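S.K.: Have a look at the structure that comes next, please.
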Amino acid sequence: MATMKKNASIVYYCEPYEMVMFAGSVIGEMDLINFPLLYVLLPVALVTCFTAIFRVLLKPLGQVNFVSQMLAGIVLGPSCLGQAVSNKLYSMRSISVLNVFQSVGLIYILFLLSVRIDVGVVRNSGRLAIIIGLGAFFAPMIATISMGLFIKGTIDLDAEVYSSFPVLASIECNISFHMILTVLTDLKLLNSELGRLALSSTLVSNIASTIVLVLCTQFQQGASQLRLKDNTGVLVSLSSLFIILVIVFMCRPIMFWMMKQTPDGKPLKQLHLVAINVMVLGSALLGEILGQHYLIGPVILGIVTPTSSPLGSALAEKIECFNWVVFIPCYIANIGRLIDFNSIGRNSFLAVGWLILASMFARFFAVIITSIYYKLPIDDAISLSLLLNCRGLIDTLIYAYAYLLKLMTREVFGIMMIAATLRSAVITPLISATYDSSRRYVAYRRRTIQHSRRHPELRILACIYEPDNVPTIVNILEASNRPQRSLALHVMKLEELAGGTMPQVITHRLDRLSSSHKSNKADPMINAFRQYEELKKGHTFVQCFTVIAPYATMHDEICLMAFEKSTPLVIIPIQKPKSTFVKTVVRNVLQMSPCSVGILLDRGMFMDPRPIFSRILAINTCVIFVGGQDDREALAYGANMAETNTTTLRIVRLVAMNHVPPDLTEEGRDLNMLDEFRTSTLGNKNVEFIEKNVTEGCQTAKLLKSIGNEYDLILVGRRHNPNSPVLVGLSAWSEIQELGVIGDLLVSSDYCGNASVLVLQQQASVVQEMIESPKSSYRSSK
């Protein structure tokens, strides 16, 4: 059994070593209920189960994880179980163990979130973000103070509730950056325009609130020192300064040394990972020893962690999942046991509720008025106002800390927790309903290769994420553009956001390689395109960007860039067709792109860094034509290649025998384009047209396998009529929907060919009234 010792207000629990280690030899001698690990495992299991249940039930309503977590905590608290059952579930020993686990979890959560804070965002914030951030802080402050004075004279409350009003006002004025970051991640709006503005405004608001807090604290401590002749305030300030100096001048240089010791593309060494863990926990211990809150050190350490370094992402990869699954449920259980609906009085609920509503409406109208004044769309202004009024897990930490310091009563704490849950439950679905990031790049005219063939400049957006993508992109463009036509190439280097930084888009100047981006992998790739531009000086313009974003929302940046640069085609090279990148980024780009999309699987033809025409005389290219707008786009791209005089092009049209086309309009467009292509290439010995009669899908598969080694490159459309006899039976075996039925067959492991494959999808997001008419042809130059 554990022994308990009391020392003033502190309670110590001492557990036998064998019980802590859960030794098997002791299990038979002692009751399992006495093992301290069970005090953690039981609440964690219950919270995890109820959180999962609520998440499944609330997912159709668009709720974030925070709402499910809080409901799970409330269900396992005295509000639902009753005080007697709750006391048995959460005994004094249980609470002590939960406190330890929750503290460790909060240390890592705040560190990992702080790593993603980029102070440069404030430096680069526009006037709108600064004014919104200041308004979102000062407007609620004025409103809550005014409402507090009004309530004090109209509602009869306990003196303890009145004493909580100043703390409530200060908490409601503050917007947690960590909370906004978490909510944006849950809503998949992290790298949207709304997300960037919200993060910038929140950082400005946090700086304003910190300055006001420091000034008020110093004023209060100064008055106390004059009255009591006490120098405690000076010691507190010196301890804070000491923590900052230790972290900045000791921990940060060690991190830079670790980065230098880590080769490009290699994971962080285990020894370095252990050292970072020691720094995180050590900073928390240092803060506690010096009289500061134990979370101050990890937050400062996270902020000073080098941007874009592998340190934060490596730590997130190792412990983030375990942290959310084990440590955070302990915090949720601890919070839930303090919420008791039965202890909340009517007057207290009304008074605190009016304060919260006053703060929310003040911030809401302050943000909307400012946004509209600066000509932000009304839908975006409403979404931003709602977002800045949202609450999350980090806010509950502030409530709990205020309750721990007895700055608010348990009754007020319960009301604040309920209000935070209700605010998130109502606001997050409204944000999802009012804000649609894809409307920024809706196209009102055709942006395709087919409709821009006669344009004097070919504009291409190329996405790269590996060094091997560079020669692939350069060589495919060399083979696709005639010498007389200029090329505007926009390159996007894609990097997954992995917990180490904030989402951002970085523009690189090719005349100067030093940029704000510190990634070691990016410079050689950007330098390669600089050399390519110099080699093609006068005919090629190259502009490079680096995008750091989660895979789930990376398509927003790709689509927006394609829209702003008016590119008719986005080319995305892939190496592993079944990778997460293809399943998320490529799939979303295909659904949302304002122009045509090409997915290129290079089997080695274009991957050689040497210029392609220094190795071969001509590229043998084949276009598989079944019918439909995507096949017309593939044919248009093949026609572009045929004009280079370095490409031999064969059009293989698969014709279904004894089959009446279901869509005569589409059939007419196919025939018109084929006829015009034959006419325009008449007499060109490098172009050949072949028709193959097919009755079923297996014949198509045999034909494709037979030509796999005859060509260097095969062009094919992505989407086809699934009821066409040409494809009957093939769709059932298709595994990669992003490549279409024929594209999937050409890149499958069973396919024996060595040809590279370019799968094309014609623009999918053009508004319906601009759908091409039957007269639109291969010669169109819109």
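Glycine too: its Cβ is placed from the backbone N, Cα and C atoms.
All annotation found in TrEMBL is predicted automatically rather than curated by experts.
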S.K.: Pick from 5-28, 197-220, 605-628: which range has transmembrane segment per TrEMBL?
M.R.: 197-220
S.K.: Please determine whether the transmembrane segment (271-291) and the transmembrane segment (97-116) are in contact (criterion: at least three Cβ-Cβ distances under 8 Å, sequence separation 6 or more).
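M.R.: Yes, these stretches are in contact.
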S.K.: Report, as numbers and ranges, which residues of the same chain sit near the transmembrane segment (351-374): CB under 8 Å and 6 or more residues beyond its ends.
M.R.: 127-128, 131-132, 135-136, 139-140, 142-144, 146-148, 151, 155, 157, 161, 165, 168-169, 172-173, 201, 380-382, 384-386, 388-389, 412, 415-416, 419, 423
S.K.: Under 8 angstroms for C-beta pairs, at least 3 of them, ignoring pairs fewer than 6 apart in sequence. Is the transmembrane segment (97-116) in contact with the transmembrane segment (412-431) by that rule?
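M.R.: Between the transmembrane segment (412-431) and the transmembrane segment (97-116), which are separate recorded stretches, there is no contact, as judged by 3 or more close Cβ pairs.
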S.K.: For the transmembrane segment (37-57) and the transmembrane segment (322-339), does the number of C-beta pairs under 8 Å, pairs 6 or more apart in sequence, reach 3 or more?
M.R.: yes
S.K.: Residue counts in helix (H, G, I), strand (E, B) and coil for the domain 'Cation/H(+) antiporter C-terminal' (621-763), per DSSP?
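M.R.: Helix, strand, coil within the domain 'Cation/H(+) antiporter C-terminal' (621-763): 58 helix, 34 strand, 51 coil.
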S.K.: Can you name the far-off residues of the same chain, 6+ from the ends of the transmembrane segment (64-85), with a Cβ under 8 Å from a Cβ of it?
M.R.: 43, 46-47, 50-55, 58, 182-183, 186-187, 328, 332-333, 335-342, 391-393, 396, 417, 420-421, 424-425, 428
